[in-house]
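Student: What follows is a structure written as structure tokens; I'll ask about it next.
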């Protein structure tokens, strides 16, 4: 009975394609390359680090080490397990003060500063998107006689991204004065683990679905967030939030249904891809919520970036070494210098893109940042279609337009609500997503 259940589960997770569609070679090589197997192996690698760490933390807390501990290791253990300061209830005041301290500048200077932020975000993340699709869906070393080989280890790409992001954030914290750090270091590990898994799902999903489908799925993650808020937390939402969520659902459905008849390999949407995208949305939602909770401690966004990426490097390098995949990926880089250049540039764009995010929000607020990133998603779909030849029908194009119209409506409605709230005190609070 157990064997039948496992077989049924494995068959259900296999890519769903029509009889006329050819299954990409990446899905056929071996069970060792199957995403569910790789996910479980990676999770086991992370568990080999998390479980001993958890036991150590519980040991130090049970022994009341904060009161009884002494010696050269005491400051390190205190910082990792107990932290250095109590929580700050008014953490938002730090960002507001930083923004208010900005010297009043001319309209022209503000315009060029906004142009700098928008350009930096667009270049960083558009390049990142194009390279992400290139690395995960195309072969390297192809010749007339040799079809080449694909890079398959998504975890190595996550490791590359995180180690460079950790280095950039560490240098930023060392060169620019930051608030005194107070959070226990181990608390970053939760956001780090979910962040690794969400990134892995994002990379792995490109083996099964097209990049435009992935971008639209990210844009529509507000829908499950609202559903979970309504069902689990009994949160209430404004009427315009329901309207825009419905428009997003309609737009995504139009795009997916219009693409279902396309036989091009890069636009085959599979059940595995849907599961991986769902995993990305779940893990990413947890990451953002956990980081929001961590910000109740006194810290800057760059300190958050550094803390999360330190643990991400630890988890990914540990898992890669246990699997023997680190050396294998390095050998792939040695065989294909083009891949090495792509992987490094991918990491650079990811790291500096995060710095542009922090700077833009600090200077202009979340609304302006959301508009810039929404435009980036539209440009990313357009670039992917132009460079990699994804076919989009008229109905699919209309669906994309509906999704982004709904996203801009959300930004506009939210800004209006904030302006109204400043003028008239509101008795009840309404949860926004």
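Using the three backbone atoms N, Cα and C, a Cβ is placed for every residue, glycine included.
In TrEMBL, annotation is done automatically, which means it is predicted and not curated.
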Student: Which range is it, out of 219-238, 239-258, that shows up in TrEMBL as transmembrane segment?
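Tutor: That would be 239-258, the stretch labelled transmembrane segment in TrEMBL.
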Student: Counting Cβ pairs closer than 8 Å, which of 239-258, 339-359, 366-389 has the most of them with the transmembrane segment (156-175)?
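Tutor: Answer is 339-359, with the largest number of Cβ pairs below 8 Å.
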Student: Count the Cβ pairs between the transmembrane segment (339-359) and the transmembrane segment (111-131) that lie under 8 angstroms and are 6 or more residues apart in sequence, then report whether there are at least 3.
Tutor: yes
